[in-house]
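What follows is one structure encoded as structure tokens, with my remarks underneath.
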Amino acid sequence: MTTDAPQKAVVLFSGGLDSTTCLAVARRDGFLPCALSFEYGQRHKVELEAARRVAKAMAVTTHLILPLPLGSIGGSALTADIDVPKDRDIGEMEADIPVTYVPARNTIFLSMALGWAEVLGASDIYIGVNALDYSGYPDCRPEFIAAFEAMANLAVKEAVEGRLAIRIHTPLLHLSKAGIVELGTSLGVDYGLTHSCYDPAPDGLACGRCDSCLLRRKGFEEAGVADPTRYRPSL
């Protein structure tokens, strides 16, 4: 007796807490995850090492890392010589669009994922956007995701011809960071392999002070789960 092979799904995958949880959710949902990462000129390039570690630990058989020179465009603290904000409270984080916003990044990432999905014959794309903890980012909003999905179904040959419908999955969209940690923990995610810091030390240790580090620490604390992150010794 033979069984049908699981359907493929493209998972946008940075090696961070959110995208790793998203990868675990895609697998839980019965898909064969095809992980897609980008080397886009980010100052925290160490996240790609985390992505490789996680992919290996989770036995991901297809992991593509694409070069994408967004550093040539700049305009973000993650891709240009702009200071990463530190020691901000939640109110400050949510007050406006932060300088860590990378212009059109999720639009570009999702477009690349869409192209790869078309080649793979996949109709499902997972992205770990979160509208609660990153309310300042325009490309993490439900309206953006809905608009991109509508566009995708007008852009892909087989969707236009009626043979498939592109679905953008956002399982973390309305979860708090604590809720994400709880979900991933229930799915067996090893968060010690992941990386979230925007401004890591040369040896990869997290700064513990950027928005991403602070939200990550807050998530573990509120979830009552031990934080496995390795922070700089001064913290």
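Every residue gets a Cβ built from N, Cα and C, even glycine.
Over all protein chains present, the Cβ of Gly15 (ATP binding site) has 24 other Cβ atoms lying within 10 Å. Mapped onto three states, the DSSP output places Gly15 (ATP binding site) in coil. Sequence annotations record features per position, and here Swiss-Prot assigns ATP binding site to Phe13, Ser14, Gly15, Gly16, Leu17, Asp18, Ser19, Thr20, Thr21, Cys22, Leu23 based on sequence analysis.
All chains included, 24 other C-beta atoms sit within 10 angstroms of the C-beta of Cys210 (Zn(2+) binding site). Positions annotated as Zn(2+) binding site by Swiss-Prot: Cys197, Cys207, Cys210, Cys213.
Each residue in Val84, Lys86, Ser196, Tyr198, Asp199, Pro200, Ala206, Gly208, Arg209, Asp211, Ser212, Leu214 lies on the same chain as Cys197, Cys207, Cys210, Cys213 and has a C-beta within 8 Å of the C-beta centroid of that Zn(2+) site, without being one of the site residues. With the fewest other Cβ atoms inside 10 Å of its Cβ, the least crowded of the binding-site residues Leu23, Cys197, Cys207, Cys213 in this structure is Cys207. Taking Cβ-Cβ distances under 8 Å and a sequence separation of 6 or more, the neighbours of Leu17 (ATP binding site) in its chain are Lys177, Ile180, Val181, Gly184, Tyr191, Thr194, Ser196, Arg216, Gly219.
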